[in-house]
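Record features, source Swiss-Prot:
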DOMAIN    13-321  domain 'Calpain catalytic'
ACT_SITE  C73  active site
ACT_SITE  H238  active site
ACT_SITE  N263  active site
REGION    322-494  region 'Domain III 1'
REGION    513-653  region 'Domain III 2'
Amino acid sequence: MRAGRGATPARELFRDAAFPAADSSLFCDLSTPLAQFREDITWRRPQEICAMPRLFPDDPQEGQVKQGLLGDCWFLCACAALQKSRHLLEQVIPPGQPSWADQEYQGSFTCRIWQFGRWVEVTTDDRLPCLAGRLCFSRCQREDVFWLPLLEKVYAKVHGSYEHLWAGQVADALVDLTGGLAERWSLKGVAGSGGQQDRLGRWEHRTCRQLLRLKDQSLISCSVLSPRAGARELGEFHAFIVSDLRELQDQAGQSILLLRIQNPWGRRCWQGLWREGGEGWSQVDAAVTSELLSQLQEGEFWVEEEEFLREFDEITIGYPITEAGHLQSLYTEKLLCHTRALPGAWVKGQSAGGCRNNSGFPSNPKFWLRVSEPSEVYIAVLQRSRLRAVDWAGRARALVGDSHTSWSPASIPGKHYQAVGLHLWKVEKRRVNLPRVLSTPPVAGTACHAYDREVHLRCELSPGYYLAVPSTFLKDAPGEFLLRVFSTGRVSLSAIRAVAKNASPRAALPAGEWGTVQLRGSWRAGQTAGGSRNFASYPTNPCFPFSVPEGPGPRCVRITLHQHCQPRDTEFHPIGFHIFQVPEGGRSQDAPPLLLQEPLLSCVPHRYAQEVSQLCLLPPGTYRVVPSTYLPDTEGAFTVTIATRIDRSPSWQ
């Protein structure tokens, strides 16, 4: 890989040191076909690629997505959702950014990506990968339009590299670009009796008719997992965009449903009955044929409903989102105006009880859902990837405890997620016998535990209290999640947390002499409640310095974070802490820059407990401990206790 040549700008333009124009931004392990272009890829800014670059086109068709050498059709299909909604587009790409013709242009580009409950603002430079002077990854229909390749670069930065985008789920990218929900509808069922096949056929027919109503409001994508004989041109593990649906009458008066499919590869790959010049068009009026064929853009083709159900395996559809930010039901078109969200974690040996087949199921995280009026309710469990998380700057980082995990973009989809499920019970009141309730059949539940980033339930719920229990399939499978609720009526959501009197006593210090220091502090909304490292406000958390004295070797240190609660208070905040080492010569280093580095040690995931503790060996030096709640603006008081073992040298008389 080498730097591209072009006109030298009159002023110094921004260069993103966190995502440089280098192999580290292109590749993660050179396991994909991209590796063969390693020596040929150059980096160029848009004004070095064409004479008059634009961010957006005047004609929307000129901004149509096209795939390059990168296997990220799943992401590009989701990007097409932004073309359907000005509101969503401006949510992801903030308007008013200086572009190439502006005096204020600095060579930077900012996007917002929704990550685990929050919109994360990510900035990078506008140097883009090229081959022979042309964009080698995504591009728009008109190559002087750059919103798509710039957004792709931001998304690659969030994931760690372009190669990390090789293979994924359209549904995941839709959620990242909208903050909403997405559903996957399988078009294939397990073959059974004739009756089952008939029911499946009627369900598929209803699905396609449903798409007619949703086509103008929702992004609809379809995928081929393994092409049938005679349709190899569709490719394997490839995603397409359903850009239009039309219901026609044939010459006999029978209904025909046609779907217009866009291939992100930018080429027409369909040889079915309704291809251009195909015999299917003889069934409809010539004027209709001329109209529909004239609408085709590069890479688009028409498919009849029966062909579609036979050749495609899956549909992914994003929930419509209004300009006010409310989701709309795919099934009833009602607005889901009421939303709630809470984080949680499955902790090995504590709250990772496994599925309902395991005796430990009652130990899983549990949540109260109160429904105030008859409502259509969606409850979703969103997992955090076990391999990557996004830090304050929008950069991908390895999760604590996973730094030695290997991953290849060619891995099985879902390999870096747990198999998760969700079950819901209705109860008469909040004070119930939980083991007894959990032994009864739930009122709703996922059909199975799935290796998906997010699973959700759709329920019609009457007023009352409900108990929601997200779980992993395997016991002691660790992970973090976000429980989200969307409802047409008023709802409240709260976590069932450990009772203080049942909290585990503080572990005794190992034998020996210990020096102990106690530090008191508090988290205050808008001031010192910065939340976890996933949020840009993390550096505002309280930060306490401490030191380990010189000695023959590392010292044993126990750090304990205790949140102050009333004796009857059962609602703990999820808490944790990180330890940062101050570099030699950095005695006066300010806390914020230090906290943007990787911590030396961590006590995470954040736990719903009154107290968390970590015993560690630390070499002599200066350190800072930063206690935090999981979410920003969560208020509370706490005490940090630092106990350092004192090594006494023997005295000689």
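Backbone N, Cα and C atoms are what each Cβ position is placed from, and that goes for glycine too.
This view paints the features noted in Swiss-Prot onto the structure.
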residue: C73; record: active site; DSSP class: helix
residue: H238; record: active site; DSSP class: strand
residue: N263; record: active site; DSSP class: coil
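Note on the region 'Domain III 2' (513-653): DSSP counts are 8 helix, 69 strand, 64 coil. Taking the C-alpha positions, the distance from C73 (active site) to H238 (active site) comes to 7 Å. Of all the active-site residues given, namely C73, H238, N263, the one with the smallest number of surrounding CB atoms inside 10 A is H238. Looking just at the region 'Domain III 2' (513-653), the mean pLDDT is 83. Spacing of H238 (active site) relative to N263 (active site) is 9 Å (Cα to Cα, whole number).
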